[in-house]
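As annotated by TrEMBL, transmembrane segment applies to 12-35, 55-77, 98-119, 125-146, 158-180, 186-206, 227-247, 267-288, 309-332, 344-365, 372-392, 398-419.
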Amino acid sequence: MNPFIKKLKSANLLRVFSLTGISTLIKLVTSYVTVKVLATIIGPSGIAMMGQLQNFTTILTTLGAGGINNGVVKYVAEYQEEPHVLRSVLSNGFKITAYLSIFIGFIIILLSGYLSTLILLDSQYYYIFILFGISLFFLSINNFFLSVLNGYKEFRMFIVVNIVTSLIGLVFTICLVSLFNIRGALISIVSYQAVVVFFTIIYIRKLGWFQKSFLWGAWNKEMIKKYAFYSSMAIVAAGTVPVSQLIIRRFLIDAYSITDAGYWEAINKISGLYLMVFTSTFSVYYLPRLSEIKDQLALKNEIIKTYKIFSPLLIVSLISIFLLKNLVISVLFTKEFYPIKDLFLWQLLGDFFKIVSWILAFVMVAKSMTKIYIITEISFSVLQIVISYFLINHNGALGATQAYCINYFIYFVVMLMIFKSILLKK
């Protein structure tokens, strides 16, 4: 057997990539059915409305958890052999998540009418936001538990919960859309993840850390300060990418139509589906692994190993999807969505630069490089909005994908410059 293949087979990254692949395969199947049902029943304009709501829920879900989930992963991985510190990590993280999610959920309920008009352009959907405000506590707690599992490297348990989440989401979406059309689709977005927490609790109830002494202790100022670094990074991320997508989608709606915005949302959904296996592996394996590494040379080796494994897989995926784009559209969507075939080239190029830049960008999260992370996130979100504004006026939805590609190419170059010293270390 080729020595390189042997090396890959023995690599933890490939093992986790394979495990994640099983979960992602199920997610792909459930997402495919979901997207197909939605595309058939609600069409491009409905897909655009769902995109608006999903971006909003992403922002508020991050705020509701205090933006600390990546911090939970890091500190559980770092202190799992030190029970006294671990209790502080878990109890402070749990209390921050619980209190903030209740508070922000209450605010969402109070502002439900205003948010319905702002996000969905119609006050009649106010009940969607009331339901989301109620659900926020449960989905935030569930995400906290998943972060703890991730930090402990309980990959199998983590993946099982994700599989169940996908299946529940599928059942929720199909049933609700079939019964209530676009209203059902919107309800499913804000509610299904909240149900999963009860399964998660049953599944993890016998683990050593799942007890009151670990989850409900005294406040610790030092731990709160540590979480604050991750909170600021996560809140910036939640306030940049989803917000920029909301703004870009609004550019398309105002300059062209909600249907054009639906086409752009559809090409983004295709990217989200096939990139899922890469981004899932980043969260499940790569972030905890980077958090563990103390030596810069070892850090460089981990980054290079990740590039060697991911790059060929990514390139093959991109080429395959581009060559099979007509089939992808017909399988995932309906004939109403055929105009998106012109968006594939720029979108796929942008996906390539996104993933190769994220391999470096995750180092900023793992090593708490808060200042540079915040600066780059804000700068490149603003840059994408500016480029999109000009290119959308000239090229419509195609301009949005061109802006996406240009933005991530520049982002990749900047990541190489930031981590030049590590990459060149001998």
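Using the three backbone atoms N, Cα and C, a Cβ is placed for every residue, glycine included.
Keep in mind that TrEMBL annotations are predicted by a computer and have not been checked by a curator.
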Does the transmembrane segment (267-288) come close to the transmembrane segment (55-77), meaning at least 3 CB pairs under 8 Å for residues 6 or more apart? yes
Could you check whether the transmembrane segment (125-146) and the transmembrane segment (309-332) come into contact, where contact means at least 3 Cβ pairs under 8 Å with the two residues of each pair 6 or more apart in sequence? no
For the transmembrane segment (267-288), which stretch among 186-206, 309-332, 344-365, 398-419 has the most Cβ pairs under 8 A? 344-365
I'm a bit unsure how to read this: which one of 186-206, 344-365, 398-419 has the highest number of Cβ pairs shorter than 8 Å with the transmembrane segment (309-332)? 344-365
